[in-house]
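Annotated in TrEMBL:
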type	residues	note
MOTIF	88-95	motif 'Cysteine switch'
DISULFID	Cys248-Cys430	disulfide bond
REPEAT	288-334	repeat 'Hemopexin'
BINDING	Ala294, Ala342	Ca(2+) 5 binding site
MOD_RES	Tyr323	phosphotyrosine
REPEAT	336-386	repeat 'Hemopexin'
REPEAT	387-430	repeat 'Hemopexin'
Amino acid sequence: MKTYYRLCVLIGLVVAVHSGPISRQAGNNDDLVQTYLKKFYNFTEPSGAASKGRTSHMSVKIAEMQKFFGLEVTGSVDQETLQVMMKPRCGVPDVAQYSTFGEGLKWQKNQLTYRIVNYTPDMSQAEVDEVIEKALQVWARVTPLRFTRINSGEADIMVSFGTGSHGDFYPFDGPDGTLAHAFAPSPGIGGDYNLHKPLTNIINKHHDPNTFVLPKDDVDGIQSLYGPNTDVIPDKSNPTPPATPNACDPSLVLDAVSTLRGENIFFKKRYIYIKTQHLIKSFWPEAPDNIDAAYENTAQDKVFLIKDQKVWALFGYDLVKGYPKSLSSMGLPTTVKKISAALYDQKTGKTLYFTDNMKYVCSYDERRKTMDKGYPKLVEQGFPGVSGKITAAFQYRGMTYLFSGTRVIEYSPTSKKVTRVLNNGYFFQC
């Protein structure tokens, strides 16, 4: 089962979250944008003489939001930016007005109790119990905080589900709005967490609780309050995750490379690099980690991800209906068992698949939906002067880049010659 709430409902251990709703019935996009920026990016409307700078101030906040989500930073609202703003989300601001709580607004003890007050109708009680327990363990693994569940009475943390106005002056705004909010440690509602119900359509779209890892900033923040975990917590269901890949590591071998609406995107393990590093599932919750190949069909405005014998098609942030499909649906020969790289050629409308121990290339006609005759070919036949196994590929500014381990071979489709041999750092400004 997948869930996003471990961050959303438990972030209150570090900060207080007093988030209001985003209206999904706004009369126009301007209302939606303004409300979104006010709630999550501290946008305030200037008054008096300063009101002349309103547009400029809003543009700064839009750029801030675009940078946070890895979008093209323009300072103006395009369709992609609007699409992100309209997605269901946590009630935690992305850029808070920064301040730290005094000693009175942190837990004064490390042994804490929690109680699940009620349940949502679209999940089993066992599923809810498991999600809440695992979410709390995310924080317990990096701090001395320990959480014990009680079934009656007043707990330090009261977890409840509600809809609309539910008694804390912060009503939920429907299934496409704020997902949850929390309150900082203090008497009364302090420390409590409220989640929006129903949840099924949201839970199925977000992070796997068994693989989620706190960002370093969150770890540093909570450890500044409570210190690090000095105990070893045995948790077989949550193994220690692998180290985060370093884009400037000279030994880095990328899993896949593609473009996305004008941006270069790089894949490694469960991460995607679009200007900055993100989890793949933060962009595409339905997409797999550790992919084998990726390419963008610019004519269709779709990104295709390939892993093992399956293909995922993505339009914007959404999985295309009917996907994932089997690799054989792409018209590849049945002898092809694994794709190591893929490349879409905008001029020819053909997609090249590098396959069979990365020594061969197949050409697929995207318009006719058939494999071209005469393929598969050896890579050297399709790209004279290129040697080695191809692990990733894409086109950029009229050139073809073939990744072979740590090497990047720059190839000219016009002269059909290798022009340079680079390394990954060329694209990461290392």
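Yeah, the Cβs are placed from backbone N, Cα and C, and that goes for glycine too.
Under DSSP, the residues of the repeat 'Hemopexin' (387-430) split into helix, strand and coil as follows: 4 helix, 24 strand, 16 coil.
According to DSSP, the repeat 'Hemopexin' (336-386) comprises 4 helix, 23 strand, 24 coil. A distance of 23 Å separates the Cα atom of Cys430 (disulfide bond) from that of Ala294 (Ca(2+) 5 binding site).
Among the recorded positions Cys248, Ala294, Ala342, the residue whose Cα lies closest in space to that of the residue listed as 'phosphotyrosine' is Ala294. DSSP assigns Tyr323 (phosphotyrosine) to coil in the three-state reduction, outside any helix or strand. Taken together, the residues in the repeat 'Hemopexin' (288-334) have a mean pLDDT of 89 on the 0 to 100 scale. Under DSSP, Cys248 (disulfide bond) is assigned to coil, being neither helix nor strand in the three-state scheme.
Remark: of the recorded positions Ala342, Cys430, the most isolated position is Cys430 (fewest other Cβ atoms within 10 Å of its Cβ).
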